[in-house]
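Novice: Submitted below is the structure of interest, expressed as structure tokens.
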Amino acid sequence: MTQASSTSPEPSRRQPDSGIVLYDTMQRQKVPFVPSVPGRVGMYLCGPTVYSDAHLGHAKKEVAFDVIRRTLLHFGYQVRYVTNVTDVGHLQDDSDDGEDKIARRAALERLEPMEVADKYFWSFVEDMEALNVLKPSINPRATGHIPEQIALIEELIERGHAYVSDGSVYFDVRSWPEYGKLSGRRLDELEEGTREAVREEKRDPRDFALWKRAEPGHLMRWASPWGEGFPGWHIECSAMSLKYLGEGFDIHGGGLDLEFPHHEAEIAQAEAAGHPFARYWLHNNMVTVGGEKMSKSKGNFTTLKALFAQHDPMVIRFLLVSSHYRSITEFSDAAFESARSGYRRLTEALHEIERRLPAAPDQDDPALLEKIAGHIRTFEDAMRDDFNTPRAVAALFGLTTDVNAALNAGEVGRQALTAARDAYRTLGGGVLGLFAEGRTEREDDSQIVNALMELVLQARQHYRLQKQYAQADELRNTLAAVGVTVEDTREGPRWRR
């Protein structure tokens, strides 16, 4: 099942020798990115647990890795992008106790668990489409891959890294000394921080569930060699990433809050079973509200649907790409106002270029063309440097400043305007995803709009010359009501949106 979202941008025809460096959590430093197969990238992202509507924290993760994927496409790589859907096994306290989050929501809403999963999955798809997030290559669900998870658990038991206890199966942490290498936690430190209340069926409090016995009345249950039950939260990602990307795939991504225990467990499950796992680990930082992490458990979140009622989704996306994926994004009215202003500046520049293009003269503008090329180089260098979107956005603003200055100074040639337009579309649209398909006018539509606006401005100018100011003001106010601003300049009236 795949998300219904925007069409993937065409990968560049250049040879993918991009010079990208990225921050690898495992190595705790920036390292050159070298895919295992030249020109191809396998990428896995931990997706949503579909038991309620998504909030801005979820959007940050999805947009961050969408931009990383788009950047790889821009530099010529073919990308297989897999992101899972957790629709079973994620318990209330993110460990091995409590109710399944989806089963609990099903009881609250008086629905079947799969009705809840479908309802919130499609809600998530709708939100991602609004944010112009590209659909995954593959979007596997945990409940659709129970046999693969059981098979991986059996491998771990056979190799002595898992044990059966009263119908449940646990990973034996002591059998795998490398456990903790991603997060940098030592086993003795983990033992000190473990809760005193430990399930009696565990040999060690640090062990985690691979398969859970289904208690009487539990709604989600499958047959297994150990009796009826359901998979633990961590096993699905190991099983599904290996199935669709193979051993030693290139990039595994997710939120910083998943580094431990989820990603740590994923590595242990795969490698203890003899399967080399992800080669690079990338983690996005959180969204905060008043300095605290935005989360459902804290109750300090606002759903994306509620935000969409107040803000253009593209303004929200602009807010998210304006900070680095490894930096904290603060949720505030001031941040949204700044994002709205910045995004409007870019879109107005693009619209003005599209407005001027049909009548642009065939003249050379070598100085402006060189400036445009310089901004493109700056943008691409920023994205090569661990996907530095703040610097990339700054390059777009630099492009905007130079193009606006040239337009204000007089006529700009068709070649320079075309180069500027293509830079906005390729970099701002294709890489950062800020100009969703269908949200900026096609060239033929733009020409029609421009011609109609010229007629309206001529009519308004006629009223002004005849000193019929009430009629002229009425036209201006009518245009303002639909988001069009008219400015009276020395060169005559101009309009913008």
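Cβ atoms here come from the backbone N, Cα and C positions, even for glycine.
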Novice: Motif ''HIGH' region' per Swiss-Prot: which of the ranges 15-25, 48-58, 202-212, 257-267 is that?
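Specialist: Feature motif ''HIGH' region' in Swiss-Prot: residues 48-58.
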Novice: Given 3-7, 28-32, 293-297, which one carries Swiss-Prot's motif ''KMSKS' region' label?
Specialist: 293-297
Novice: What is the set of residues, excluding C46, C237, H262, E266, whose C-beta falls within 8 angstroms of the centroid of the C-beta atoms at the Zn(2+) site?
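Specialist: Apart from the listed residues, the neighbours are H234, E236, S238, H252, G254, L258, H263, A265.
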Novice: Taking the Cβ of H262 (Zn(2+) binding site) as the centre, count every other Cβ atom within 10 Å, in any protein chain shown.
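Specialist: Looking across every protein chain shown, the total is 18.
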Novice: Helix, strand, coil: count each for the residues of the motif ''HIGH' region' (48-58), based on DSSP.
Specialist: 3 helix, 2 strand, 6 coil
Novice: Could you check the binding-site residues C46, C237 and say which one's CB has the fewest neighbouring CB atoms inside 10 Å?
Specialist: C46
Novice: Let me check the 10 A CB neighbour count of E266 (Zn(2+) binding site). How many other CB atoms are there?
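Specialist: The answer is 27 other Cβ atoms.
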Novice: For the motif ''HIGH' region' (48-58), provide the mean pLDDT of the predicted model.
Specialist: 91
